[in-house]
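Database features (Swiss-Prot):
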{"type": "DISULFID", "residues": "Cys3-Cys12", "note": "disulfide bond"}
{"type": "DISULFID", "residues": "Cys4-Cys9", "note": "disulfide bond"}
{"type": "MOD_RES", "residues": "Met8", "note": "methionine sulfoxide"}
{"type": "MOD_RES", "residues": "Pro11", "note": "4-hydroxyproline"}
{"type": "MOD_RES", "residues": "Cys12", "note": "cysteine amide"}
Amino acid sequence: DPCCGYRMCVPC
């Protein structure tokens, strides 16, 4: 699932 505009959840 997209998270913060990326495929993986990363610090914004």
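Every residue gets a Cβ built from N, Cα and C, even glycine.
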- In three-state DSSP terms, Cys3 (disulfide bond) is classed as strand
- Out of Cys3, Cys4, Pro11, the listed recorded positions, fewest other Cβ atoms within 10 Å surround the Cβ of Pro11
